[in-house]
Amino acid sequence: MAESWRRSQWRNGLFALPFLVTFAAFLVFPLIWGFWLSLHKVDLFGPGRFVGFDNYVKVLRDPQFRQALLNTLIFVATTVPTLVALGLFLALALNHLTRATAFLRGLFFASSVLSVTIVTLIWRIVFIPNDGLIALVFDHLGWAQIGFLSTKGWSLFSVGVATVWWCIGLPMMLFLAALQQIPVDHYEAAALDNANRWRVLTRITLPAIRRTVLLVAIIQVVMQFQLFGQAQLMTNGGPAGSSRPLVMYIYEVGFIRWEVGRAAAASEILFLIILCAAMIQYVVATRNQEGV
Amino acid sequence: MAPRTYRPEALNTSKGLFVLACLLAVVAMAPIAWIVGLSLKDNKALMLGTEAVFALPYTLANYVNLIGSSQVFGWFFNSLVVAVGETVGVLVLSSLAGYAFGRLEFPFRRTLFVLVLFGLAVPEQAVIIARHQMFNWLGWHNTHLGLIVPGLTSAFGVFLMTQFFRAIPKEIDEAALLDNTPPFRLFWRVMLPLTLPAQATLGIFTFLHAWNDYWWPLISATKKEMFTLTVGIASSQTNFAQSEGLGFLSAQAVFASLPVVIVYILFQRHIVTAVSGGAVK
């Protein structure tokens, strides 16, 4: 066998070079440069002086940042369980493949292919006071009108509703894939015992897909932590910052107030949070592959 | 999938769950129906009350007006250039790199691959400030190139293609070895055609991702004529409902979503695979 050809050669690395150069120049370098920026007082007119972790301290003390962090945590803590539960429900309801369930799967997934601007445009028109779809329904039922996008407490909720509507397809599909993997013989014993549906669900189905549940939850945590477009376009973070998420804080500090160093520090904090979640995801995903 | 000759009763979906799912589908589709309905109504009629949507007459005037406003087409063109450019770029870079990582040996291969995998965990927001400065120096803001390049750093494509190249049976290289085929010809003539399904998945995923991207174009494309469709649609929402009318805005939403909806209907299976695969990585 002419193994000589297979041996390690610099030349073989040329295939990877175009990507590696792009990757280094436009991802690795900005990542390092961003960290450097976060340690400096920088504004629009170029790099400034070294300030150590001053930017981080200022960001962590900024009430706007704290509120944005809290908003993001509330948002993640409410949308992620909703997406997991609803996704699991849809997967269970549509697991048995027929023409009708295939159609419904396609329907529930369809919103995922829309861009955030279309999703928010749709939901803003649904939520507008007096004229929106929800307002019409409330009117019809004789309920008091609510300014969904302009009331504290409701604004983040409304952003969450649009987000769940937008993102539900992926959890459903991942759960469907996991349900298909459960060996049929697991259910045969249950059938012999005449177990009812609830017992089958809690004793067989859920334990069998518990890693997928975890995986879906982490994927969604990573995604929802990056909330930006929905909040920016539907409520602009308002009223009074009650629906401003972390990424929007970074955007405003960096590209509206042009406090570059401080925005860089805030983005490093976000990166750290997401990195932790992604690491957990990686561990779960690799364990998942080994397990099956 | 294994043949299932025996299906326990408990495995079948209950009718109750299915009915509930149908009801949910109606609720989920209501916003879409609402927008399509509004887009077919005269703006003045809607001013008096949006209940008008449930009654005749309907009109295509909003769509005609949309075609009249050339801006939307400029944005559409920008989105198309960016999405196609990014897709082609990602396919080329990922295939080459995937071949190298998946089938060849070279110094530091493992280290570099781990570094690339690490790239999967870097969110765009973490590099945005530095990237913005960098593109400032390069003078790439408000150019198509500037909108395309950040998407080319996606490690997901490399990861996917590496997996795919690895899965190709060894016998194929061995046959080529006997002929003394040089690596690039082997890649181009033999390996690449075998990866077409993965190319389709990655291509669709990248196209959709680029077409729908909002974050980078919002920051990089500040000139109105360089907006992509997502940013353009967002910018025209600012004086919401006052200036243009609900019917016109709705028509804009429908028009802007048409390309992806058509692509979705045509390639539903691929898209579901691509998006699900993209999430699990």
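We number each residue from 1, going along the chain as drawn.
For all residues, glycine too, the Cβ spot is worked out from N, Cα and C.
TrEMBL lists B:76-267 with the feature domain 'ABC transmembrane type-1'. If you look up TrEMBL, you'll see B:16-38, B:76-100, B:112-132, B:144-165, B:186-208, B:246-267 marked as transmembrane segment.
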Folded-back contacts onto the transmembrane segment (B:112-132), same chain, C-beta under 8 angstroms, at least six residues removed:
97, 101, 141, 150, 153, 155-156, 158-159, 162, 215-216, 219-220, 281
Take the C-beta pairs under 8 A between the transmembrane segment (B:246-267) and each of B:16-38, B:76-100, B:144-165. Which stretch has the highest count?
B:16-38
Cβ pairs under 8 Å with the transmembrane segment (B:76-100): which stretch of B:16-38, B:144-165, B:186-208 has the most?
B:144-165
Distal contacts, the transmembrane segment (B:16-38) - CB-CB under 8 A, six or more residues away:
46, 50, 53-54, 246-247, 250, 253-254
